[in-house]
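Annotation comment: Swiss-Prot describes 169, 170, 171, 172, 173, 174, 175, 176 as ATP binding site. Under the heading site 'Required for activity', Swiss-Prot lists 370.
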């Protein structure tokens, strides 16, 4: 038997060339230390920033700090099952979540896993959670109304589709209630409105009690609004990385509708807790602290999230994503770090006040401090026609009311202003879970601005409103339909509406 040296060396070369290939297939690293939801990992040389990595037992993490000798990984889950020396694998994918209509009616966590016990999610597509916002060219200015069903908001601080309107106030002032009522107000459109007007709702609960989230979902379910809503929950007991990720995950789910020529609305409840979670992660990752110990890029955290809410132009499908971020203030301090940041990013704010809430003015909107910077161009013309003067009248009323506490003998015009203001304030009150259609709001505010309430006692205003609405719904449905179809108060409609209100006012007296 002769030995062929060339053949042997060729085989050896081939084997040497393939040696050690298996070990490189999934790049791995080793846990150096773990605690407080953060793991320091040695190895993972080629890991990308924001890449998903996997720990033993299927626990996921995200590489955030890429340092010269180790990688700082935040852990999406319990860190008690991870120990020093564990092997960490790269997944090669940036953190993504399932998106699409299959998520409607479901409650999921920040990674898109179902937590409502209704079986697996049927999703055809996955999206990265952190993508760049649309540029300037694909956008269009906000011009379609996004009705909340609340008179105080739709008349005075209107929100348009694609706008970012901040809801800000102390704890227990009804911030979540505004989002909930807005979701419920979309029910009639989903039942029998055109597809182009349907608004899909996404609710992100960050750092809230589980009981609160369960209550929110229960109300949506009972009122038939869960079928067009998605709830993302990162509750108070979830790790900080989940609370940090939840808004981005919700945004990706909302963007699916925006990019497919549909309209979506997302409520982030609330971003103060996301900032706190991000601060905790940053400090544990040893990033340098800034003002109020928040990291230097906490402004960028919120701006890159909220910039993704947009109205796209017709070439890009004309879809929209409207954002209602919530910020909780401490003792009405709007000048703290996070509130000022988010106020400067958004297109206006609805400012809720504890004092008003306890006076029984609910929704407790402070009309003087609340603004909508782009909403007026989206307001329905009919609403503009009737509500134009309200804001001024209410501002004058507040000024006079403060002044009238001192003087007893007021002239007739001041007295008239005070009377009108008190009745308008009463008119803007609204119980929870009872959103009104735009045409009904127009009719009610028309009655208020045209002096029909001036002769009625303040405590009878609510009764007058309820009576007027039921009379319009039953006997004058044609007037409401005309306002809805025309979207403006023509002379003809105005005359009909005036006649209807006149008739009711006579019978009410």
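Our numbering is plain: 1 for the first residue shown, then up by one each step along the chain.
Just so you know, glycine gets a Cβ as well, placed from its N, Cα and C.
Quantities reported herein were computed from a predicted structural model and do not represent experimental measurements.
Positions of Swiss-Prot features highlighted on the structure.
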residue	record	DSSP class
169	ATP binding site	strand
174	ATP binding site	coil
370	site 'Required for activity'	coil
Rounded Cα-Cα span from residue 370 (site 'Required for activity') to residue 174 (ATP binding site), Å: 15
Listed in sequence order, residues with CB under 8 A of residue 170 (ATP binding site) and six or more positions away: 328, 329, 330, 331, 332, 352, 353, 354
Neighbour-count leader, CB within 10 A, binding-site residues: 172, 173, 176: 173
Residues close to ATP site centre defined by 169, 170, 171, 172, 173, 174, 175, 176, Cβ within 8 Å: 328, 352, 354, 357, 364
Residue 169 (ATP binding site) CB neighbourhood, other CB atoms within 10 A: 27
Sparsest-packed among the binding-site residues, when each Cβ's other Cβ atoms within 10 Å are tallied, from 171, 175: 171
Rounded Cα separation (Å) that holds between residue 176 (ATP binding site) and residue 370 (site 'Required for activity'): 17
Cα proximity to residue 370 (site 'Required for activity'), best match among binding-site residues 169, 171, 172, 173, 175: 169
Cβ neighbours of residue 174 (ATP binding site) where a neighbour is any other Cβ within 10 Å: 19
Protein Cβ atoms within 10 Å of residue 370 (site 'Required for activity'), excluding its own: 22
